[in-house]
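Participant: Structure provided below as structure tokens; questions to follow.
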Amino acid sequence: MTVSEKIFSKASGTPVKAGDFVLANIDLAMTHDITGPLAVQGFYEIMRDEEDKKVWDPSKIVIIFDHQVPADSINAAQNHIMLRKFAKEQGILNYDVYEGVCHQVLPEKGHVKPGDLIVGSDSHTCAYGSLGAFSTGIGSTDMAAVFATGKLWFRVPETFRFEVEGKLPERVYSKDLILHLIGDVGVEGVRYMAAEYAGSTIRSLSIPERMTMSNMAIEMGGKAGIIEADEVTEAYLKERIPGFKLDPYWKSDEGAKYLDIRYYDVSDLEPQVACPHNVDNVKPVSEVEGTKLDQIFMGSCTNGRFEDIKIMADIMGDEPVAKNLRLLVVPASKTEYMKLLKAGYIEKLVNAGAIVEAPCCGPCMGGSFGLLGPGEVGLATSNRNFKGREGSAESFVYLSSPATAGASALTGEITDPRKV
């Protein structure tokens, strides 16, 4: 069995294989300030004839505010009020406006472990696959049903395995790797499949680097992006879950059936950039060098961790942000922000001319601050560059690694980080 088939077998209480339809028990459900209100409304519609309108298990639900925080409109403030009230009445854990982005906060707070089946009303919920869970995004209506029953229907997905070998070259990172994979298979290359990342390259990645890989599985259509839990996973979770011990069961068996297996050698991989207006429009940085930039957004659930921002800041050194360039830095969580603060990186970036914001989704969703105007060109370490994603539909967004963002911050144009 693949690890995904094992997780669905556990969740449904019976052995299953890819293609089977199952009613699965959910281990953890997450919603946030954008999709949460509709889920709450749907929950009360489902429960309208029930005298006791309580969720199935409040200990298995997390509500977090991260998209429009602090509230940037009256409507956002009303959504926050509604969700705070719901969380209090139901006894649900609510991470308020100061904690950070859901896909960073849940793992760092110990809510995720190998073998879990996790759903979130956000498309990048697949990020938790970095810790060996099967996690996937669902809509608000499905989330309402989960709130009420703790169960959800699934078709057990086929698995598309990416075998990656070789040592990543200097200043080439997991963001470059995942962009390369997406560029290779396309935005629908693994539609409704579990993307399983394996090989010596993947095993060498830190948890933050693995989070980047799993986070972007959805950008090639993946239902999940899963990485086998190992000693790296165990070390990370032991710091967050008291008494955690790694169960070797949660990995794919030898002889497991895959829909496809692709093999890659990354020894000569160069930095990658996704060009407007699709994530699979990927080119080596050498083909887009010199593209003038108006703004760089360093952050998001894809690359907003301490490790990411440190890479950018170290490349920048003591040099200032390029003239006429806006550099927005948004750490992914309060925990990551404090690590950066204590290490001196926040002060260093502010002195360089960067705008450092409190932990949140920031410009990534295009509905808050730091938006691009018509004709402006942005470089972001986030996960999507659709037309209008970070502001005007007449703007242009390129996606890159933190290293490429750091090099480009010095020059005001897309720059190969190996050249600075």
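A Cβ is built for glycine as well, from the same backbone N, Cα and C atoms used for every other residue.
According to Swiss-Prot:
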BINDING   Cys301, Cys361, Cys364  [4Fe-4S] cluster binding site
Participant: List, in sequence order, the same-chain residues at least six positions removed whose CB sits under 8 Å from that of Cys361 ([4Fe-4S] cluster binding site)?
Facilitator: Asp66, His67, Val101, Ser300, Cys301, Val330, Ser368
Participant: Return the count of C-beta atoms lying within 10 angstroms of the C-beta of Cys301 ([4Fe-4S] cluster binding site), excluding that atom itself.
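Facilitator: Its Cβ has 27 other Cβ atoms within 10 Å.
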Participant: Just to confirm: which same-chain residues, 6+ apart in sequence, have a Cβ under 8 Å from the Cβ of Cys364 ([4Fe-4S] cluster binding site)?
Facilitator: Phe297, Gly299, Ser300, Cys301, Ala380, Ser382, Asn383, Arg384, Arg389, Glu390
Participant: Name them in sequence order: residues not among Cys301, Cys361, Cys364 whose Cβ is within 8 Å of the mean position of the Cβ atoms defining the [4Fe-4S] cluster site.
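Facilitator: Sorted by sequence, the hits are Asp66, His67, Val101, His103, His124, Gly299, Ser300, Thr302, Gly304, Ala332, Cys360, Gly362, Met365, Ser382, Asn383.
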